[in-house]
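Worksheet: one structure, shown below.
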């Protein structure tokens, strides 16, 4: 099976990016079966509806090759391919600050493999910081359902060390020591702006 | 012919959003044949490369219905549809400020028809301002090749008046009187950050 650029296989029955504007919303807010992306979309919708922040997931970038224009119905894309994203997935504005982050979920209990990121995304986050924005990653360790926010500077450090022949992952203890364990609840699901308030503002 | 949600027909040979990371770049920087989107992508790439600002066009949102996973080749989307965007097309960070805008091109010589926008996009730009971001539109009047930047507050005003039974367009003189005529040159093509410096910072 060929995978999606982010390393996950794609399931057409549960496509990425489509939840935020889906007309029928899930009513099961239990944790089982919810992916980190689902939880973040729900959280961002809550932030928007409560006028707390304006943060969106970007659409998945696709290379469109062919489109049909049938009469009396919507244009239909009949050939397209996934592209490697050149930016992170999420951005927006909170208390006047530019916010930018990437979210990753791992089954690994002791570390986050760096293969979850592309060089372009690292460069993008470096530029965010250069221009005065706030850049971080949100990482879910699925095995024990912990979700951490970690400033991008730590990602840059481990990325550089990997280039220099070092380890190929960020150890869990870096998240514990230098990141924030994000509180999870009913609404919002993953209240990551709490960590932003503490760490950046 | 069925049109794209933004009212323009889609040309597979010149797909939207794909220029920024296209490996073979145009060498013809003459004005003929360049769309506003092409010019803005070129401008934003210049801003990124010169470390002036970090602003990207978002990918076109698509509803993916079916994907094939052929052996030994890339996943191929065989059925997808264009979705109405719920945000604007462009955002990013400049001098620590969150920047958000929509770009439109019109053949109309005297006004910009409001049908170029969706209700969701207006609400999105209102939220940008509410959270302390900078929101505006960039409009090209193709007939005489003038490109204006106009703060989103004017769009909100005309949008509201339309709801109340008023005119269905923003008159050209509003751009002339309340907007900024953006200088065009070789590099950057459309130096809209000049207007941001003058108007917002």
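Using the three backbone atoms N, Cα and C, a Cβ is placed for every residue, glycine included.
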Further binder of Mg(2+) named by TrEMBL next to B:87, B:89, B:102, taken from the candidates B:121, B:123: B:121
Distance [Cα-Cα, Å, rounded] between residue B:89 (Mg(2+) binding site) and residue B:104 (site 'Transition state stabilizer'): 10
Rounded Cα-Cα span from residue B:104 (site 'Transition state stabilizer') to residue B:87 (Mg(2+) binding site), Å: 14
Residue B:121 (Mg(2+) binding site) and residue B:104 (site 'Transition state stabilizer'), distance between Cα atoms, whole Å: 13
For residue B:89 (Mg(2+) binding site), the three-state class that DSSP assigns: coil
Local Cβ density at residue B:121 (Mg(2+) binding site) - other Cβ atoms counted within 10 Å: 22
Interface-adjacent recorded positions, chosen from B:89, B:102, B:104, B:121 when a CB lies under 8 A of chain A: none
Secondary-structure category, per DSSP, in which residue B:121 (Mg(2+) binding site) falls: helix
